[in-house]
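S.K.: Can you keep this structure in mind? I'll have questions shortly.
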Amino acid sequence: NQTLPGLFYLLGLSTAPHIQVIGFLIFLIMYIITLAGNCLLLITVKISPKLHTPMYFFLSNLSFIDICFSSTIVPVILMNTLSSDKSISVEACMIQMFCSLILGVSECVLLAIMAYDRFVAICRPLHYSSIMNIRFCIILALIPWIVGFTNSTI
C-alpha cells in the first residue's frame, strides 16, 4: 500500500471538556506571560542606552527566538484543545516542524555564542570591546539562523 495520509489526528491531553478548558486557559496564560516577558525585555533593551552592549544584544536575539518559537507551537495547541476537529494537514505539520527545528537549533547555537561572549568578557576583559565589536556581534547573531536553517533543511 503506497497511500500517504493527508491528515494527522492529534489526541490532545484529555477528552473531558472541563479539563480541556482548564488546559486551554493554562496554556493561554503561559503563552501570554511568555510573549509579554520577552516583548518587555526587547522594549527595555531598545529604549535604554546603557543596555546597548553585546550581552543584551544577544539576550534580545534570544527573546526574539523565544517569541517565534512559542508562536509556532502554542497557537496550534490552543486551537486543537477546544476544537472538535483535532487534525492537522501533513503540509502544516511539516511547516511547523521545519520552523520548530530552525528555532530550536538557533536557540541552542545562540546560547553557545552567549557563552562565548561571557568567556571573552571574563578571560579577556581589556580586549573585550575590541573583540566583541558591533560587526562581529552581528556576524555571531547571524550564525544561529544559518545553522538552524541548514540543519532544518537537511
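Glycine is treated like the rest: Cβ placed from N, Cα and C.
Nobody curates TrEMBL annotations by hand; they come from automatic prediction.
Found this in TrEMBL, in case it helps:
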type	residues	note
DOMAIN	37-154	domain 'G-protein coupled receptors family 1 profile'
TRANSMEM	20-43	transmembrane segment
TRANSMEM	55-82	transmembrane segment
TRANSMEM	94-116	transmembrane segment
TRANSMEM	128-147	transmembrane segment
S.K.: Between the stretches 20-43, 94-116, 128-147, which one has more Cβ pairs under 8 Å with the transmembrane segment (55-82) than any other?
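M.R.: It is 20-43, which has the most Cβ pairs under 8 Å.
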S.K.: Pull the DSSP breakdown for the domain 'G-protein coupled receptors family 1 profile' (37-154) and write it out as helix, strand, coil residue counts.
M.R.: 101 helix, 3 strand, 14 coil
S.K.: For the domain 'G-protein coupled receptors family 1 profile' (37-154), would you mind checking the mean pLDDT of the predicted model?
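M.R.: Mean model confidence (pLDDT) across the domain 'G-protein coupled receptors family 1 profile' (37-154) is 93.
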